[in-house]
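Enquirer: One structure is given below, represented as structure tokens, and several questions about it will come after.
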Amino acid sequence: MAKGKPAQAEPSACRLYLVTPPALEPAAFAPLLREALDAGDVACVQLRLKDCSEDDIRRACDLLRPIAQERDVAFILNDHPRLARETGCDGVHVGQQDTPYRDARKILGNDAIVGVTCHDSRHLAMIAGEEGADYVAFGAFFPTTTKTAEFKAEPELLSWWSEMMEVPCVAIGGITAENCAPLVTAGADFLAVVNAVWAHPQGPGAGVRALNAAIEAALAG
Ligand SMILES: Cc1ncc(COP(=O)(O)OP(=O)(O)O)c(N)n1
Ligand SMILES: Cc1nc(C(=O)O)sc1CCOP(=O)(O)O
Ligand SMILES: [Mg+2]
């Protein structure tokens, strides 16, 4: 996307939202991130580091954030609104067990992107949308090995949401080039992926190309 919020995406377009692997060494990951972002359209990158110190997250932000922002790709930090503000990220993603949306918004201000996990819940999504979230995330749509997913979402949730609401929706969980078509046609504004890109056998560039080709094919009908 042009730098800014997922909300600025073209209506009815569906774009890629890359989430990093949960553990990475920033210097080794930097060329993989460049390869992914230079391979095709990507709307944003979420740095999602689990079980890392704040110092490690800061170091990763300092190295990886410019790679995304130089390419007009939004750089979002998972879980840590204060660190997101301090490190110059474009926004934060918060879950239901994380800093509440309103507090994250207060920390980051109105210009930042704040996205909220809503699992398979219309109710949580309505609340997040009414409170002002820039996007709501639903999942997991498919089995995933990246984390233990306790909720299972169905494509119908995306069609219901996109017909009712203006706030963009992100689909996440086990999404690949092979299985993404029903999510695209149901109205997902963004497909968030980890393994389909970073564990692609031909490398992350091939992962991005395969997903963008699958999105294009699904939109073409
Ligand atoms: C785009 C997107 N959607 C959902 C999540 C999951 O967030 P959360 O439930 O807080 O779980 P963790 O990712 O923090 O383990 C996400 N990170 N990004
Ligand atoms: C970070 C995350 N959140 C999920 C949710 O359901 O909220 S599923 C998930 C992992 C997504 O990784 P992959 O694309 O490798 O399945
Ligand atoms: Mg979280």
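Just so it is clear, glycine is given a Cβ too, placed from its N, Cα and C backbone atoms.
If you look up TrEMBL, you'll see Q46, L47, R48, L49, K50, N78, T117, K147 marked as 4-amino-2-methyl-5-(diphosphooxymethyl)pyrimidine binding site. Under the heading Mg(2+) binding site, TrEMBL lists D79, D98. If you look up TrEMBL, you'll see 16-197 marked as domain 'Thiamine phosphate synthase/TenI'.
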Enquirer: Between the Cα atoms of K50 (4-amino-2-methyl-5-(diphosphooxymethyl)pyrimidine binding site) and D79 (Mg(2+) binding site), find the distance and write it as a whole number of Å.
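Expert: Here the two Cα atoms lie 9 Å apart.
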Enquirer: What is the number of other Cβ atoms found within 10 Å of the Cβ of N78 (4-amino-2-methyl-5-(diphosphooxymethyl)pyrimidine binding site)?
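Expert: Summing over all protein chains shown, N78 (4-amino-2-methyl-5-(diphosphooxymethyl)pyrimidine binding site) has 23 other Cβ atoms within 10 Å.
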Enquirer: Would you identify which of the binding-site residues L47, L49 has the most other C-beta atoms lying within 10 angstroms of its C-beta?
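Expert: That would be L47, with the most Cβ atoms nearby.
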Enquirer: Taking the binding-site residues Q46, L47, K147, which residues show a Cβ-atom distance to ligand 3 below 6 Å?
Expert: none
Enquirer: Should we count any of the binding-site residues Q46, L49, D79, T117, K147 as near ligand 2, judged by a CB under 6 A from one of its atoms, and which?
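Expert: Checking each Cβ against ligand 2, the ones under 6 Å are T117, K147.
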Enquirer: Do you know offhand how many angstrom separate R48 (4-amino-2-methyl-5-(diphosphooxymethyl)pyrimidine binding site) and D79 (Mg(2+) binding site) by C-alpha?
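Expert: Taking the Cα atoms only, R48 (4-amino-2-methyl-5-(diphosphooxymethyl)pyrimidine binding site) lies 8 Å from D79 (Mg(2+) binding site).
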Enquirer: Long-range same-chain neighbours of Q46 (4-amino-2-methyl-5-(diphosphooxymethyl)pyrimidine binding site), Cβ under 8 Å, sequence gap at least 6?
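Expert: Y17, L18, V19, T20, I76, L77, N78, H93, A192 - these are the non-local Cβ neighbours of Q46 (4-amino-2-methyl-5-(diphosphooxymethyl)pyrimidine binding site), listed in sequence order.
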Enquirer: What number of additional C-beta atoms lies within 10 angstroms of the C-beta atom of R48 (4-amino-2-methyl-5-(diphosphooxymethyl)pyrimidine binding site)?
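Expert: So the number of other Cβ atoms within 10 Å of R48 (4-amino-2-methyl-5-(diphosphooxymethyl)pyrimidine binding site) is 22.
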Enquirer: Least buried of the binding-site residues D79, D98, going by other Cβ atoms within 10 Å?
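Expert: Fewest other Cβ atoms within 10 Å, among the binding-site residues D79, D98, is found for D98.
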Enquirer: Hey, how far is D79 (Mg(2+) binding site) from T117 (4-amino-2-methyl-5-(diphosphooxymethyl)pyrimidine binding site), Cα to Cα, in Å?
Expert: 11
Enquirer: Give me the largest Cα to Cα distance among Q46, L47, R48, L49, K50, N78, T117, K147, the residues the record lists as binding 4-amino-2-methyl-5-(diphosphooxymethyl)pyrimidine, in Å as a whole number.
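Expert: The 4-amino-2-methyl-5-(diphosphooxymethyl)pyrimidine-binding residues span at most 16 Å between Cα atoms.
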Enquirer: Tell me the Cβ contacts of T117 (4-amino-2-methyl-5-(diphosphooxymethyl)pyrimidine binding site) under 8 Å, same chain only and six or more apart in sequence, or just say none.
Expert: H93, V94, G95, Q96, A137, G139
Enquirer: How does the model score the domain 'Thiamine phosphate synthase/TenI' (16-197) in terms of mean pLDDT?
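Expert: The predicted confidence over the domain 'Thiamine phosphate synthase/TenI' (16-197), as a mean pLDDT, is 98.
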